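Taken from TrEMBL as is:
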REGION    35-60  region 'Disordered'
COMPBIAS  40-59  compositional bias 'Acidic residues'
TRANSMEM  70-88  transmembrane segment
BINDING   Gly76, Val79, Asn83, Asn341, Leu470, Ser474  Na(+) binding site
TRANSMEM  100-121  transmembrane segment
TRANSMEM  142-169  transmembrane segment
TRANSMEM  226-247  transmembrane segment
TRANSMEM  259-282  transmembrane segment
TRANSMEM  302-323  transmembrane segment
TRANSMEM  335-356  transmembrane segment
TRANSMEM  458-483  transmembrane segment
TRANSMEM  495-513  transmembrane segment
TRANSMEM  533-550  transmembrane segment
TRANSMEM  571-594  transmembrane segment
TRANSMEM  614-639  transmembrane segment
Amino acid sequence: MPKNSKAVKRDLDDEVIESVKDLLSNEDSTDDAFKKSELMVDDQEEKDADVEEGSDVEDERPAWNSKLQYILAQVGFSVGLGNVWRFPYLCQKNGGGAYLVPYLILLLIIGIPLFFLELSVGQRIRRGSIGVWNYISPRLGGIGFASCVVCFFVALYYNVIIGWSLFYFSQSFQHPLPWDQCPLVKNTSHTFVEPECEKSSATTYYWYREALNISSSLSESGGLNWKMTICLLAAWVMVCLAMIKGIQSSGKIMYFSSLFPYVVLLCFLIRGLLLNGSVDGIRHMFTPKLEIMLEPKVWREAATQVFFALGLGFGGVIAFSSYNKRDNNCHFDAVLVSFINFFTSVLATLVVFAVLGFKANIINEKCVIQNSEKILKLLKMGNLSQDMIPHHINFSSITAEDYNLVYDIIQKVKEEEFDSLGLKSCQIEDELDKAVQGTGLAFIAFTEAMTHFPASPFWSVMFFLMLVNLGLGSMFGTIEGIITPIVDTFKVRKEILTVICCLVAFLLGLIFVQRSGNYFVTMFDDYSATLPLLIVVILENIAITRIYGIDKFMEDLKDMLGFSPSQYYYYMWKYVSPLVLLLLLVASIVQMGLSPPGYNAWIEDMAIEEFHSYPTWGMIICISLMVLAILPVPIVFMVRRCNLIDDSSGSLAAVSYKRGRIIKEPINLEGDNTSLIHGKSPSEVPSPNFGKNIYRKQTGSPTLDTAPNGRYGIGYLMADMPDMPESDL
């Protein structure tokens, strides 16, 4: 080798290094820009959370700060006003303690299995209801849209109830409470009690006249009730502010809104047990009436209560679980939340009947005093003989037991003319048998009982603040069932969508704050959710067990949870739950057909409720509510079946968005390898190995392409990517 060969080699190496540097410095700027913005998906083994599609930064999908926050959110959504004012009524009406038996059986048959099903699909696919069912089967994507419609209908009137609670809450900071006594009316000559109040009661009058200022029929609108309009606006502002950042904002509020009701219920239970007559109420509540338990109506009402208590079909359960990690034990969550819901209902029932027992005892004491005075008058007039009255009876301080003894003696002696005496049997059970539910329980019966509490304003504030929190917890889940699916599907900004949704809902909700608004609340409550939700959950069950495949789904759960779920769920999902749901659907349709469609109108002159049938236009609204709620299912099915919308992929789930670009991802929904676990969800499909010249601009396409959600992209598409085959599902 020549002496200067090393120097020559060094010069050549320097030239090569400089050439490489020049090459790197002159790299195509377009490719460099694209590399920075390409879709990046982390390996599941390295990171459990998806990259949120459509975001400007590669952030993960929002996640719960802790497991406790998530559980509280699910509990807050499932535990609502129905636990306080519906479950106690059903328990009393359908056999007392015996009602708990069919309720628990149906909780195990349809409640926990279907709740577990919704939790698992939401957690695995990590999308809202629209994305989940569109991914399972594009032709059944309408299930998610139907859930959103039902959520919207329910949110419209549910927030009105929160507005009512806010009104009563604001009126509770005064002593005595404004519904404690009937108002006095003054005219030029004398002062007298308001006739409408005198014919009913102080709390009934305050509810119908002062709070609602209700009209006499559905057709008589009467204009807006400005007090309730302001309260409705306040309720929607609260919901909007809490939901505007999604679970990042609402999750923190859950610590208060979900836990505070339990504090109030425990305080009411302790206080209630110290009241005279509370034990009578609880004893009456849990005295089993086994003969009633065997009636089919009891099982139908128990199944309906289980169904709605857990929020099945609304989409809120799926939305909340979609923010979980995929290895979260959702089976434990399903069982835990279901039994928390059940025990909350039992706790609320204890509280309600402890307080109603106290109220019944007060009414019974008044009854004894009034009828004792009648007996004294009859004795003075000679209609009754003093000899028939036992010697130990002292009418000045007579007890309920002594009065009932005298009543029985008079009834036996004066059997023929007893009815003309005008005496009443003062039995505390008769008062407790007057079943009250819904607004009648919360705003009339319970408020009347609280007027007799020591420090009644404090207890009134606590009670209505509890109702507000119970309502808000359910509203958060309901609104999440609307917002999350739309954001996941159409990639709109959550903040803007939340504000628009709440604003539109408030404007439409003005029909509920007219003087006739309470009748519209009844209409929506009866017709907007029951049948559509049953159909939605039946289709959810069919989609998983028949179309996706129950065996494949069980394998997915094993891979996701780390253990095989009990075969109990296999048989429940495949056979028992669908059958029970179909029977419940048929029973609900029959019940709806047998019950004349109508509402209870408040007649001011007589101060009583009177049943009115819906007018023709009212019936049209009722039918329209049910049809509109379920209409997305056949529409989406026909659109997918007939290929009326060509998205070149057969599924919106096949398109991912990142920084304005459209990248079609290969998804095969046909083979067994596409299970929710073994196959990747759309957000998990790994990006191809981008090589030289793999990207080209689409020939003949404009500079800007329009994405299905209306956003514009740069227009780069992967070359030589085969068209997406439509799913056989």
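Placed from the backbone N, Cα and C atoms, the Cβ positions cover glycine too.
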> Would you call the transmembrane segment (302-323) and the transmembrane segment (495-513) in contact, using three or more Cβ pairs under 8 Å, pairs 6 or more apart in sequence?
Replying inline: no
> Other than its close neighbours in sequence, what residues sit by the transmembrane segment (100-121), given a CB gap under 8 Å and a spacing of at least six beyond its ends?
Replying inline: 91, 132, 136, 293, 298-299, 302-303, 305-307, 309-310, 312, 317-318, 321, 330-331, 333-335, 337-338, 342, 346, 537, 540-541, 544, 557, 560, 565, 569, 572-573, 576-577, 580-581, 676
> Based on Cβ pairs under 8 Å, which of the stretches 70-88, 458-483, 495-513 lies most in contact with the transmembrane segment (226-247)?
Replying inline: 495-513
> In the same chain, outside Gly76, Val79, Asn83, Asn341, Leu470, Ser474, whose C-beta lies within 8 angstroms of the Cβ mean position for the Na(+) site?
Replying inline: Val75, Phe77, Ser78, Gly80, Leu81, Gly82, Ser258, Pro261, Thr344, Gly473
>> I'd like to know if the transmembrane segment (142-169) touches the transmembrane segment (533-550) in this structure, counting it as a touch only when three or more C-beta pairs sit under 8 Å and are separated by 6 or more positions.
In response: yes
>> With every protein chain in view, what's the tally of Cβ atoms within 10 Å of the Cβ of Leu470 (Na(+) binding site), excluding that atom itself?
In response: 29
> Is the number of Cβ-Cβ pairs under 8 Å between the transmembrane segment (614-639) and the transmembrane segment (142-169) three or more, considering only pairs separated by 6 or more positions?
Replying inline: yes
> What number of additional C-beta atoms lies within 10 angstroms of the C-beta atom of Asn83 (Na(+) binding site)?
Replying inline: 24
> Residues of the same chain, at least six outside the transmembrane segment (259-282), with any C-beta under 8 angstroms of its C-beta?
Replying inline: 72, 79, 344, 347-348, 350-351, 353-362, 364, 428, 432, 453, 459, 462-463, 465-466, 469-470, 473
> Which number gives the other C-beta atoms within 10 angstroms of the C-beta of Asn341 (Na(+) binding site), all protein chains shown included?
Replying inline: 24
>> Just to confirm: which same-chain residues, 6+ apart in sequence, have a Cβ under 8 Å from the Cβ of Val79 (Na(+) binding site)?
In response: Ser258, Pro261, Ile340, Asn341, Thr344, Leu470, Gly473, Ser474
> Honestly, do the transmembrane segment (70-88) and the transmembrane segment (495-513) touch, with at least three Cβ pairs under 8 Å and pairs 6 or more apart in sequence?
Replying inline: no
>> Test of understanding: applying the rule of at least three C-beta pairs under 8 Å (pairs 6 or more apart in sequence), is the transmembrane segment (571-594) touching the transmembrane segment (142-169)?
In response: no
